[in-house]
Structure formats: C-alpha cells, structure tokens
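**Q** From TrEMBL, for reference:
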- 12-84: domain 'Concentrative nucleoside transporter N-terminal' (DOMAIN)
- 96-195: domain 'Nucleoside transporter/FeoB GTPase Gate' (DOMAIN)
- 208-425: domain 'Concentrative nucleoside transporter C-terminal' (DOMAIN)
- 6-23: transmembrane segment (TRANSMEM)
- 35-57: transmembrane segment (TRANSMEM)
- 91-113: transmembrane segment (TRANSMEM)
- 171-193: transmembrane segment (TRANSMEM)
- 205-228: transmembrane segment (TRANSMEM)
- 265-285: transmembrane segment (TRANSMEM)
- 306-325: transmembrane segment (TRANSMEM)
- 370-395: transmembrane segment (TRANSMEM)
- 407-430: transmembrane segment (TRANSMEM)
Amino acid sequence: MDFLLRAGFGLFGLAVLLGITWLCSSNRRAIDWRLVGTGLLLQIVIACLVLLTPWGASVFDTLSSGFVRLLGFTTEGARFIFGDFSDAGKFGFVFAFQVLPTIIFFASFMSVLYHLGVMQKIVQGMAWVITRLMRVSGAETLSVCANAFIGQTEAPLVVRPYIAGMTRSELLTLMVGGMATIAGGVLGAYVLLLGGNDPVQQAVYAKHLITASIMAAPATLVIAKILVPETATPLTLGAVRVNVEKTTANVIDAAAAGAADGLKLALNVGAMLLAFIALIALLNAPLIWLGEITGLQGVLGRPTDLSALLGWTLAPLAWLIGVPWEDASTVGGLIGTKVVLNEFVAYVQLGEILQGNVPGTTIGPQAALIATYALCGFANFSSIAIQIGGIGGIAPERRADLARLGLRAVLGGSIATMMTATIAGVLTAVSA
C-alpha cells in the first residue's frame, strides 16, 4: 500500500510539472505526446536499472567507487602543492584546499578522455539510443548527451556546424540541455561537498549525481518539445554523428590544456562563491532585522533570511516532487537559491546542512536525495547570459533567438531536474 501511495503521488507530481510546461507551451496543438511518453518511460527505465536492478546497481556502484578513487588521486596533487593544509583530518574541511583542486583535476581528466575519443563514443552511443526511441534530430540529441558530461558552453561545439540551421525547437533543446545538467569538471566538487570526507557517502552521492546527469538527457527532450514543439523538418533528423575537432596534439597537451581550463573554472568558482555568499549575508542582515522588529521571527521560529523566504515560497513545489513536508521549506530554499544564484551555492548550503553546520536546520535522507537531483543543473538566470555569449559566439545570427528563448530555457531546465528528482525519489523509497 505504501508503494502505491508513493507511486501515485509521484505520478501526480509529474503530471503537475508537465501541466506547468504545457501551460507555457508556444504551440499546444503541435505537441508530440508519443515523444513525451517515450521520454518519460526512458527516464523511469534508466532510474529502475540503476536503483532497483542488482546488475544495474552493481555497474553504477563500480562507477561511483571509481569516481571516489579519482578523488583520492586529486588529494595527492593537492598535498604536493598545499602540504598538510590539504589534509582535512588535521585542518578540517577547507574549500580552497579540498574542492578547488578537484575541479582542476577533473577538467584535465575530461580533456584527456575527449582527446582519446572515449567521451565521443559514450555520447554517440547515448545519442543513437535516444534518437531511435524518441524520433528526434541527431544534432539536438548529440548536444543533450554531450551536456551530460561537459559544460553548457563546451557541449554546443559538438554540433557547431548545425547550430545556424537549427529549428527554433532544436535551439531550445540545446539550451535546456545545458541548463538541466552539470559539467564533469564540477561533478567531483559536488561529491566532496555532499559526501564530506566519508568515502562511503562520496560513493553514494557520486552514483546519484551520475544517474541524474544521464536521466537529464530524455528529460530535456520531453520538456523542450512541450515548451516549443517541433513544427519544421530538422536537417539532421535521424542522423547521429559526433564530429569534434581536436585542438590538442597529444595526451600531455590535452592534460595541460584541461588543467589550464580547470584553473580558470576553479578561480571563477572561488570568486563567485566569495562574492555571492558575502552578498547573501549582506541581504540577510536587513531581512533578519525586519523579522526581529516585526515579531515575525518569533512566530516562525527561525531567522527571516533569504533562504527562509525562498523556502516558504517554494515549499509546496518541493513537497510536490516528493519531499516530506517537514523538510519542504529547506529544500524549497535550496531550489530557490539555485535558480536565483546558482547550483554551486545551493550545493554548498546543502553540504553544510548535511554536515550539521547550520544551527536549527536539519534534513532527512529522502529530502537530501531529492534535493541532490533537483539541484543537478545549471538552470539559473545568469546561465542565460552565459549561453547567449557561448552559443551566440558560435552562431552570431542566432543571438536574438537565444535571448528570446532564455527564460523558457531556465524554466525547462528547472522542470527537467525536478522530474528526475521526482522519479528517483519514488524509486529510492521503494528500494529502501
């Protein structure tokens, strides 16, 4: 009976998310409901393979364990540069010494895999399956699958020759794909933030973050094709071919180039977090003061900071995707932080809550898992500018279209991650 209630509520949550997307559609009559149904089924199948079947769970457990081993190799490099400062056992968890080196190493590692052609094969394999099942174009499918492993400005390079000729629906799919996923370079950082120094917990969160990235591919296509249904004939309909120009001479050059890119990303992340967290503290000061003088803080039982305000506003949405009501305001605040600021700040906050570093705020295992999936994407307002600059630099003639589709892409990316969170939440509860 409990399974039926969970499954029924999960279906209700998915129906509401799809209903919101349908209301925002540019052409409701043109929606291909067969594609929508196939995409939903594909997400559920992926989640079932990973979370319910012994062999699927075994494969992803092996992947996540290997991922944790890679994190250990990062520690060796960090220890050489920072010495004992990188030892969390001696100095505690220091973001600059534990997380930022991880970004640099993973960016270098991904660059090597791309130089060797490994990632291209994985992307092409995923795209071939999705194209055959969902009857979508090769260009948009390749971009969506590439986004599961690399960033929203790098993935469009996989389909660079086709962007200028993409239909409006394909272009939105390209944008939503970037906002519904995270980059491989920061995946390791999120595993460290959520798992702390516990290898077992690191493996658990690595498994769920990898699963979320793969599930995001069909979720992206489902949401994008409802928001802007395909009404034209794509140039690459049914075709799947990865054609990425190599810019590195050999493995050493690829590792060096990736490390350089990773350094830029790490510095950007560090500067962004320093500024945003300080600005949040600045904004929280008057909000908390207002709560104190009005007595609202006493009524609510907690400070009236930005996280609390976002949490109260989005608590119904968090509850809708399966979060227990007692944790809904906490997860709602994290989702709001992700959209208004970015997912890195939200994951930092979630990690602090999980480690017990936020007085008066706790979160249950089910809510933590759903939040992990719901935050796993770049869907925020600043990503609109990033995509206009990145994709618009590749195809300047599409800049106006990118700007017009920006808000739809943020909406689409947010709903796609919440769909994966809803499905994973139901199946994880069943397997518990």
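Each Cβ is built from the backbone N, Cα and C atoms, and glycine gets one as well.
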**Q** When you scan the chain for residues with a C-beta under 8 Å from the transmembrane segment (91-113), skipping those not six or more beyond its ends, what do you find?
**A** 70-71, 73-74, 77-78, 81-82, 84-85, 119, 149-150, 184-189, 192-193, 196-197, 248, 251, 254-259, 261-263, 265-266, 269-270, 273, 348, 355
**Q** Decide whether the stretches the transmembrane segment (370-395) and the transmembrane segment (6-23) have at least 3 CB pairs under 8 angstroms, with pairs required to be 6 or more apart in sequence.
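**A** Taking Cβ pairs at least 6 residues apart, the transmembrane segment (6-23) and the transmembrane segment (370-395) are not in contact, as fewer than 3 fall under 8 Å.
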**Q** With the transmembrane segment (171-193) as the reference, find which of 6-23, 35-57, 205-228, 265-285, 407-430 contributes the most Cβ pairs under 8 Å.
**A** 205-228
**Q** Checking distant contacts: for the transmembrane segment (6-23), what same-chain residues at least six beyond its ends satisfy Cβ-Cβ under 8 A?
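**A** Same-chain contacts beyond the flanks: 31, 36, 40, 223, 226-227, 320-322, 411-412, 415, 418-419, 422-423, 425-426, 429-430.
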**Q** Before we move on, state whether the transmembrane segment (205-228) and the transmembrane segment (306-325) share at least 3 Cβ pairs under 8 Å, counting only pairs 6 or more apart in sequence.
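**A** Checked: the transmembrane segment (205-228) vs the transmembrane segment (306-325), no contact.
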**Q** Please list, for the domain 'Concentrative nucleoside transporter N-terminal' (12-84), how many residues fall into helix, strand and coil according to DSSP.
**A** 65 helix, 0 strand, 8 coil
**Q** Using a Cβ cut-off of under 8 Å, list the residues of the same chain at least 6 residues beyond the transmembrane segment (35-57) that approach it.
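**A** Residues 14, 18, 130, 133-136, 207, 211, 214-215, 218-219, 221-222, 225-226, 419-420, 423-424, 427-428, 430-431 contact the transmembrane segment (35-57) from elsewhere in the chain.
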**Q** For the domain 'Nucleoside transporter/FeoB GTPase Gate' (96-195), give the DSSP counts of helix residues, strand residues and coil residues.
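**A** For that range the per-state counts are 82 helix, 1 strand, 17 coil.
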